[in-house]
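According to Swiss-Prot, the features are:
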COMPBIAS  1-12  compositional bias 'Pro residues'
REGION    1-20  region 'Disordered'
DOMAIN    12-103  domain 'HIG1'
TRANSMEM  40-59  transmembrane segment
TRANSMEM  71-93  transmembrane segment
COILED    93-156  coiled coil
REGION    153-230  region 'Disordered'
COMPBIAS  185-196  compositional bias 'Basic and acidic residues'
């Protein structure tokens with residue numbers, strides 16, 4: 001019906017849900033519990049056994065009347081035991097159904113606990129894998145950054161070397177000439193050529209004017225000093 005209360009999912013709560021002793025019951029504890037719940041059954045079993053023993057003793061003595069009485073008592077005690085069992089089964093039928101239901105619930109709880117443990121274990125492994133992947137990604141990014149920095153530094157060094165090749169070569173020649181490893185014959189040949197050119201210019205002057213020898217020597221000295229500076 002639409003106006004009725006909403007249905008509760010799952011089984012109804014039981015009064016035995018909080019009874020952990022009932023769940024974790026040992027076999028001997030179960031036997032004693034059954035004896036306490038149905039005391040007439042063990043009583044009928046005891047009476048049947050006693051009647052059988054007395055009938056056996058009467059037969060050993062040769063007392064047939066006593067033996068017959070004990071056999072009748074055994075049959076009566078056995079019938080009493082059967083009636084007690086039937087009455088107990090009828091009386092404790094609901095409790096047995098509840099115990100069966102509780103066993104099923106316990107099995108379901110155990111299965112659910114196993115499933116939850118399995119899920120937690122999978123989640124823990126997933127977290128470990130994610131953390132490992134994050135560490136690997138971080139290391140990869142660091143390596144890429146280092147490689148990029150090294151490439152930038154190499155490119156900058158190559159650019160500086162391309163911009164100043166002449167300065168580096170001139171500096172090397174100046175250092176070699178200072179320490180005496182640069183060849184000095186080239187300088188002497190250049191000085192001779194300059195002197196010869198000056199002599200030819202002074203000799204072949206068409207104006208016929210004579211230059212002052214001191215001035216020509218001064219010019220020659222300035223040229224030689226400029227060559228040395230270069």
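Every residue gets a Cβ built from N, Cα and C, even glycine.
In terms of DSSP helix, strand and coil, the domain 'HIG1' (12-103) has 76 helix, 0 strand, 16 coil.
Within the model, the domain 'HIG1' (12-103) carries an average pLDDT of 80.
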